[in-house]
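The domain 'FAD dependent oxidoreductase' annotation in TrEMBL covers 5-325. TrEMBL lists Thr43, Ser44, Val166, Gly312, Gly313, Val314, Gly315, Val316, Thr317 with the feature FAD binding site. The D-dopa binding site annotation in TrEMBL covers Tyr223, Arg278. The D-serine binding site feature in TrEMBL is assigned to Gly313.
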Amino acid sequence: MGGVRVVVVGAGVVGFSTAVCIAENLRHVSVTLLGEKFSPETTSDGAAGILFANHNPDVPVEQQRRWFKSSFDHLRLIAQSEDAPEAGVMLSSGWQIFRDVPEDKTPYWSDLVLGFRIMTEREMVRFPEHRFGQAFTTIKCECSRYLPWLEKRFRRAGGQVEQRRVDNLQDLSGSFDVIVNCSGLGSRSLAADVSVQPVRGQVLKMEAPWLQHFIRDGDGLTYIFPGIQGVTIGGTRQGGDWNLQVEENDTRGILKRCSSLEPSLTRARILSSWVGLRPDRRTPRVEVEREVEVEVKKGGRSVTVVHNYGHGGVGVTLAWGTAMEALGLVKKSLQGNKAKL
Ligand SMILES: Cc1cc2nc3c(=O)[nH]c(=O)nc-3n(C[C@H](O)[C@H](O)[C@H](O)COP(=O)(O)OP(=O)(O)OC[C@H]3O[C@@H](n4cnc5c(N)ncnc54)[C@H](O)[C@@H]3O)c2cc1C
């Protein structure tokens, strides 16, 4: 199968996860990753990186479980290895609390994280405005470390990396046999998919080394996630907002909401502030789109496009799971074209 060339577009957590999965599993294939922006300048870099997902009614539960489990198990192995500090992956325990008792008390991922249980009355005492809570151990994956680590792993598997903007996926069809599109919000133009929308999120990094447990309000707007260096607190969810500037108003709102859950934060120093745009879509798009016909000396051949984008606020959570699915689609496409085998 020598000579088969795959290109992955996108250097965020979805692109690098997909590129590593392909390079490590299809050793006979040459894999190149192209990206306009690399760490530390991608959306993935600033994500809190907590493995957590809401139920998406438009994706079969079995598929959501598969994506979640695949990512969780992959990252858990890293968290429990000597690579953990360099890769920025750690186990993280804490609480998700609700003002009203939710309909679904045991979400689809409850048996995929560790030690999931309903919080006791004694534990709820410190959250007097909340009536219900879930305690569990999940994973925090800090992409500012994880992406460089994945890049090393990709290069070790023979992958090549190039920094450049792609204006049209078709432009790649002359040089590659399969194109994998992991361009996040860039897919609005690269895949002509205007259903991918920005959802603006602002977070602050705090110096509060005494905080060891995460706290997440069930409304998804307010959270406190202790990490390897500093505590990420947030946040905002502003749909259709392209503003990448840190807004003072948002900073004040975040500090107020988070301090009401964890009063000691009023004594913590702000280390940094960050804004990112979640590549939101009704469902992540993990599918083969079409075969692009390329003229090769009149004979012609076809190039498959595999999409893997639109992960919204759960891209770190689902990256490895959707990458494995994209790998399956790439494999299938190569097997379907026996001429390349
Ligand atoms: C405030 C905030 C907090 C978050 N917290 C969490 C969390 O706790 N847990 C979680 O799971 N998720 C979280 N997320 C969501 C997560 O950050 C995203 O889902 C994830 O980063 C998407 O990854 P991606 O690789 O698809 O996109 P990106 O990281 O945006 O990467 C896209 C890549 O494509 C490249 N690209 C785009 N267009 C082109 C082009 N034309 N040519 C070449 N390259 C191109 C870009 O340069 C970049 O390299 C959070 C997001 C925000 C904003």
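In case you wondered, yes, glycine gets a Cβ from its N, Cα and C as well.
The distance from the Cα of Arg278 (D-dopa binding site) to the Cα of Gly313 (FAD binding site) comes to 6 Å. Per-residue confidence over the domain 'FAD dependent oxidoreductase' (5-325) averages 95 (mean pLDDT, predicted model). Cβ neighbours of Val166 (FAD binding site) (same chain, under 8 Å, six or more residues apart in sequence): Val9, Leu34, Glu36, Leu172, Ser183, Leu190. Working note on the binding-site residues Thr43, Thr317: by count of other C-beta atoms within 10 Å of each C-beta, Thr317 ranks first.
Taking the C-alpha atom of Tyr223 (D-dopa binding site) as reference, the shortest distance to any of the binding-site residues Thr43, Gly313, Gly315 belongs to Gly313. DSSP classifies Tyr223 (D-dopa binding site) as strand under the three-state reduction. DSSP assigns Thr43 (FAD binding site) to a helix.
In this view, Arg278 (D-dopa binding site) is surrounded by 24 other Cβ atoms within 10 Å of its Cβ, with every protein chain counted. In this structure, the binding-site residues that sit close to ligand 1, with a C-beta under 6 angstroms from any of its atoms, are Thr43, Arg278, chosen from Thr43, Tyr223, Arg278. Pairwise Cα distances among Thr43, Ser44, Val166, Gly312, Gly313, Val314, Gly315, Val316, Thr317, the recorded FAD-binding residues, top out at 26 Å. Listed binding-site residues: Gly313, Gly315. The one with the lowest count of other Cβ atoms within 10 Å of its Cβ is Gly313.
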